[in-house]
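Data block below; observations after.
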Amino acid sequence: MAFDLGAHLVRLGILSSTSDHTSVVSINLFVALLCTCIVIGHLLEENRWMNESITALGIGLCTGVVILLTTKGKSSHILVFSEDLFFIYLLPPIIFNAGFQVKKKQFFRNFMTIILFGAVGTLISFSIISLGAVGFFRRMDIGSLDIGDFLAIGAIFSATDSVCTLQVLNQDETPLLYSLVFGEGVVNDATSVVLFNAIQNFDLVHIDAIIVLKFVGNFFYLFLFSTFLGAFTGLLSAYIIKKLYMGRHSTDREVSLMMLMAYLSYMLAELLDLSGILTVFFCGIVMSHYTWHNVTESSRVTTKHAFATLSFISEIFLFLYVGMDALDIEKWKCVSDSPGKSIGVSSILLGLVLVGRAAFVFPLSFLSNLTKKSPIEKISFKQQITIWWAGLMRGAVSIALAYNQFTRSGHTQLRGNAMMITSTISVVLFSTVVFGLMTKPLIRLLLPSGGKHSGSMSSEPSTPKSLLSALLPNGQESQLEAGGLIVERPSSLRMLLSKPSHTVHYYWRKFDDAFMRPVFGGRGFVPFVPGSPTEQSLHGSE
């Protein structure tokens, strides 16, 4: 089995070896390193500074040094980077689990702010980084880069690393911050990839108004249809499992169907040239809302832990590889004649990342606060600083996009392209290690009681009474508490204008209970399955 796996990986171009034996050795070594990362990460769990991402990066760097010494400077890694490995095998479980585990009520209560940061903010950051790259790099004469390359640089460095950021933040201690950074991270990754793909699909050498309009139209088309495809696949899985009662015969089948349909949504998006990230994220949200409640109790436990485990291993794999690839001798040889220029390019890119993020976090937070009436719901200045800082890290998405733009099959001999690859790796390493190390102390300094100041992010389950209370004017809430539910409810338009998030949530709950859950299942609409763990527990208690 191991030899077959090694042979398949060699044919895919994933492994650097050309013999089955060396392939097996490489796989064994890499799996051993993954185990080492997990063990050391556990031992450093309580450390004030470290997190698993930095641990994996550090072990990757140390391993790269050892391999460099043993191969006498010929290689620094066990694997050769493959975009297929990243985009097809590693990224889907990470993004799907993010959607599957998200606290939907908290996510959608801040949905407009998340979209504001994740989509509009990414566009602002993209514009600033692209313009800065054009202004600085053309003067520095780093190589033959065209306008498409400069725009691609903007998309590459607009992609924040939500994986590393979310390992630093804690969902229970800082729920509002976690929701905003988490949601922004996913939407940001999707926006960056969509932007990157749109750049590659158009001839940007001769830009005119028609090309710009097509570019914008293509962007929104990808965004909307990717979201629709994810929701549709999730609903289809819920309907199939609800109607066929798979759990009465085999829990393995319903678990397998959930996993395969989740992966199918991502691959369908890639097949249709849509955004797989956005598709599989919303598929995860829909599956957790409907499909998960239609399976048996044992299947719920299994799927929850299986998705989380696959995501965890993929994250560690990515950071471990990034650490090893940072010492790839081939790329550094191309820029060895001008180390000062290489450091300058990396510094400029890091500065543009800092400025680009500040340019949208603070202004958009101000705009978001204008729509919030309660001081608790507003984003304070200290929280804004934390959001700005937490999103400064760059990771595997940036590296994957850089390889896509500036290499062919993981290799490059062009000086300008090699400069951009090494600079991307430098920015990813510096931002992940330095900013990652300082994020925990910064949060403790700025938000010492972050867990208490949850604002609108309360995880209390909403009831019809609490929903109605949120929609009533302040003077009528006391009547509601006194038991007087017979009050004159404000008009739908007035409710929407005064409290848009609560209003949309209120009407969505009514629509969901009346039409969606009776068809697709979900909490409170789970079919009775003979022989299920639920039935057995009921009989056992009689």
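From the backbone N, Cα and C atoms, a Cβ is placed for every residue, glycine too.
Whatever TrEMBL says is automated annotation, not expert-curated.
Per TrEMBL, the features are as follows:
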type     : residues : note
DOMAIN   : 50-443   : domain 'Cation/H+ exchanger transmembrane'
TRANSMEM : 25-44    : transmembrane segment
TRANSMEM : 56-73    : transmembrane segment
TRANSMEM : 85-102   : transmembrane segment
TRANSMEM : 114-138  : transmembrane segment
TRANSMEM : 150-169  : transmembrane segment
TRANSMEM : 176-199  : transmembrane segment
TRANSMEM : 219-241  : transmembrane segment
TRANSMEM : 262-287  : transmembrane segment
TRANSMEM : 307-327  : transmembrane segment
TRANSMEM : 348-367  : transmembrane segment
TRANSMEM : 387-406  : transmembrane segment
TRANSMEM : 418-438  : transmembrane segment
Distant-in-sequence neighbours of the transmembrane segment (56-73), which means Cβ under 8 A and at least six residues beyond its ends: 33, 36-37, 40-41, 316, 318-327, 329, 429, 432-433
Criterion met for the transmembrane segment (85-102) and the transmembrane segment (418-438) (at least three Cβ pairs under 8 Å): no
Winner by Cβ pairs under 8 Å against the transmembrane segment (348-367), considering only 25-44, 176-199, 418-438: 418-438
